[in-house]
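Participant: According to TrEMBL, the protein has these features:
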ACT_SITE  Cys277  active site, nucleophile
BINDING   10-15, Asp35, Arg40, 91-95, 132-133, Glu166, 277-280, Arg347  NAD(+) binding site
BINDING   162-166, 221-225, Arg261, 268-274, 339-340, Arg443  substrate binding site
DOMAIN    333-448  domain 'UDP-glucose/GDP-mannose dehydrogenase C-terminal'
Amino acid sequence: MKITKICCIGAGYVGGPTMAVIAQKCPHIQVTVVDLNEQRIALWNDPNVDNIPIYEPGLSEVVAEARGRNLFFSTAVDEAIAEAEMIFISVNTPTKTYGSGKGLAADLKYIELCARQIARVSTTDKIVVEKSTLPVRTAEAIKSILQNTGNGVKYQILSNPEFLAEGTAVEDLFSPDRVLIGGETTPEGEKAIQALVDIYANWVPKERILTTNVWSSELSKLVANAFLAQRVSSINSISELCEKTGADVNEVARAIGMDSRIGPKFLKSSVGFGGSCFQKDILNLVYIAKSYGLHEVADYWEQVIIMNDHQKTRFAKNIVCTLYNTVADKKIAFLGWAFKKDTNDTRESAAIYVANDLLFEQAKLAVYDPKVEHTQIISDLNYLQTRPSQENEKGIQTFNDPYEACKDAHAIAILTEWDEFKGYDWEKIYAHMNKPAFIFDGRNLLDKEKLTRIGFKYQTIGS
Ligand code: NAD
Ligand code: UGA
């Protein structure tokens, strides 16, 4: 089966970049990305391609090339579904905030809405692709909704989880470690799998396109994120031990990472992992394990989250403790708010939790992030519902100039590893700070020797 028209529901961090790359690499396929969020779609269509709603290195170039040629962004969801032979579902699947499974399970209401909309609108056979990260066996629910319309339309459901990381999305999409496609092991299922394989094969080497059954594919996505997050929590747990023993976590990470069985990646100790997915996906895994009565399995993975929460809390506590046990009315500059460099995404960023703890201690926070706006910062804090919005506004100022943010501060906390922080004139920053001038480097980013020479009291994680 040759695919000529694709529809993707959800123009977010995954739908937008993934479809832009498919469109760029497959000029013969018409790709329409739809979303209910009118403002988001308007930004994707903004004549100035630098205004697209997601910041990713290289993305605006890809969009500029394909948009209007075979890549379209629209709010006309029904029309795009009706036209397409293949429909990707790339909507959000956040942790449930109500009812059974609250705080653990993935909220699948947006997925179900998509399935129902596809069922209502379709008059021709479709391949429906799960691009969102979903609990294992979700395809069963989608299938049940799609196959009970009685209108004779036939569906194949594939699982094709996305492994891109934010900040490197375009690079990851251009040359993925692997593309995973799960489908039914029937002749129709195999045909559908092949149709999707053929799309990726336009630029991904065949040996990197892996096909499995649907359940393995769905579960592999949760497991990949759990393993990655587990490495970060593992090294972060060791960072605390290093601080007590005189070992240096960077040296330990290098020493163990050179063992080819362990490998060097994802061993960077930090103030804690953030991002929209690690926590959500592990909680979901925990929930699934519990629902099968696998309590030891659930506890094992839950510990990854417990350790991550601990790492964020202890970073904030250390700031208070080092600043003579009080930060009330002291200016503390935050360099970075995004959950990692090269993205404007702040979901679950460690900065939010550290800020929240310091606001409880009545600190005055001065935030600078090259890509995050004031309204986003306030909305991240309001989302925690720990104090009225006016108090968050009172406690936080945002700056467009890092030197202004650091001026008269008692301490600087590095929350994101933006490259530009390394190149600052640290002598100048030091000259305008309250003394003693502290730096708490939550990313082990800066040059300890140089900063100590300037006069800073410099603390990193894990040494
Ligand atoms: P997102 O919130 O950025 O985007 C989701 C979009 O879907 C939103 O714009 C929302 O308006 C839209 N939407 C929701 N319901 C809709 C409906 N019924 N009709 C039309 N549009 C609808 O989310 P995201 O970060 O792109 O994540 C999407 C999925 O991909 C999640 O399951 C996530 O776990 C997974 N994932 C995310 C990443 C990442 O780096 N962000 C990486 C891999 C996988
Ligand atoms: C992660 C995975 O890497 C992707 O493969 C996956 O597709 C995605 O989640 C998803 O499902 O959403 P992402 O969250 O964008 O990607 O970014 P990562 O590079 O994985 O970083 C996650 C967090 O861990 C960041 O806060 C980062 O600073 C932190 N981290 C990462 C560390 O603290 N130390 C490390 O060594 C690596």
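Indices start at 1 and increase along the chain as displayed.
The backbone N, Cα and C atoms fix where each Cβ goes, and this holds for glycine too.
Where in this structure would I find these features, and how exposed are they?
Facilitator: Cys277 (active site, nucleophile) falls outside any helix or strand according to DSSP and counts as coil.
Note: Glu166 (NAD(+) binding site) has non-local neighbours Tyr13, Glu56, Gly275, Phe339, Lys340, Asp342, Thr343, Asp345, i.e. same-chain residues 6+ apart with C-beta under 8 A of its own C-beta.
When secondary structure is read from DSSP and collapsed to three states, Leu222 (substrate binding site) falls in the helix class.
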Participant: As a check: which entries in Gly10, Tyr13, Asp35, Asn92, Glu162, Phe339, the binding-site residues, place their Cβ less than 6 Å from an atom of ligand 1?
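Facilitator: The ones that qualify, in sequence order, are Gly10, Tyr13, Asp35, Asn92, Glu162.
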Participant: So what sits near Leu222 (substrate binding site) in its own chain, CB-to-CB under 8 Å and at least six residues off in sequence?
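Facilitator: Sequence-distant Cβ neighbours: Thr133, Pro135, Val136, Asp281, Ile282, Asn284, Leu285, Ile288.
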Participant: Given the binding-site residues Glu162, Ala165, Asn225, Gly272, state which is nearest to Thr95 (NAD(+) binding site) when distance is taken between Cα atoms.
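Facilitator: So, spelling it out, the nearest of the binding-site residues is Asn225.
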Participant: Under 8 Å Cβ-Cβ from Gly10 (NAD(+) binding site), six or more apart in the same chain: what's there?
Facilitator: Val33, Asp35, Phe88, Ile89, Ser90, Val91, Asn92, Lys131, Ser132
Participant: Out of Glu162, Ala165, Asn225, Ser269, Gly272, the binding-site residues in the record, which is closest to Gln279 (NAD(+) binding site) when you go by Cα distance?
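Facilitator: Result for Gln279 (NAD(+) binding site): the nearest of the binding-site residues is Asn225.
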Participant: Here the recorded positions are Ala165, Cys277; which one has the lowest number of other Cβ atoms no more than 10 Å from its Cβ?
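Facilitator: Comparing Cβ neighbour counts within 10 Å for the recorded positions Ala165, Cys277 gives Ala165.
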